[in-house]
Amino acid sequence: MVATCLQVVGFVTSFVGWIGIIVTTSTNDWVVTCSYTIPTCRKMDELGSKGLWADCVMATGLYHCKPLVDILILPGYVQACRALMIAASVLGLPAILLLLTVLPCIRMGHEPGVAKYRRAQLAGVLLILLALCAIVATIWFPVCAHREITIVSFGYSLYAGWIGAVMCLVGGCVIVCCSGDAQSFGENRFYYSSGSSSPTHAKSAHV
């Protein structure tokens, strides 16, 4: 029962974290920047934001973004962070699909428990890997951006990335380390049997 609960907790935590990583990858409010001194920017109410895909200017009543489309002149850290965040977002899809197939309520034919266990371990490893990719990108980007322009604060995209990466890391560790062994996955299977009166559900027994 404990292993089953941990599997569900790991899945939910990882799924929410993966959504946070996708939000971070697709938005541009990574860091809030200032082209002048910070007091001047606050007085003029003119701040900017910088992300993986665009540089934006936020003035009174205006919001304008310049897409970063020229790959040849982009700083290396921007391109590297793009690759890391895209990899994290893509790795999340097979990880979540694998976790769906190992949930206690899902059964795929008469497969042994060891098959579910191996899929769960693979999903957990993928989650840990994508979390590490996101952590590296969301730390590397603001550090390098600070060398180019004054950073006023971190944006919501960066916070979403940190939270999402930590949740995926926790979810992956729970799946790999705490969700039971191959035998527990086998014991969590259910079968459907039809009787003369009404259908019943019973837990499979192994000798």
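Keep in mind that glycine also has a Cβ here, set from the backbone N, Cα and C atoms.
Bear in mind that the values here come from a model prediction, so they are computed numbers and not experimental data.
Summarising the annotation, Swiss-Prot assigns transmembrane segment to 2-22, 83-103, 123-143, 158-178. According to Swiss-Prot, the topological domain 'Extracellular' annotation covers 23-82, 144-157, on the basis of sequence analysis. The topological domain 'Cytoplasmic' feature in Swiss-Prot is assigned to 104-122, 179-207; the stated evidence is sequence analysis. The phosphoserine annotation in Swiss-Prot covers S193, S194, S197, S198.
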- What stretch, picked from 83-103, 123-143, 158-178, has the most CB pairs under 8 A with the transmembrane segment (2-22)? 158-178
- Message: Quick test of the contact rule: Cβ under 8 Å, at least six residues beyond the ends. What residues does that give for the transmembrane segment (123-143)?
- Response: 10, 14, 17-18, 21, 24, 30-31, 52, 77-78, 80-81, 84-85, 87-89, 91-92, 94-96, 98-99, 102, 151, 154, 158, 161-162, 164-166, 168-169, 171-176, 179
- Note on the structure: Tertiary contacts of the topological domain 'Extracellular' (144-157), defined by C-beta under 8 angstroms and 6+ residue spacing from its ends, are 23-24, 27-35, 37-38, 41, 47-51, 75, 77
- Task: Find the average pLDDT over the topological domain 'Extracellular' (23-82) in the predicted model and report it.
- Result: 82
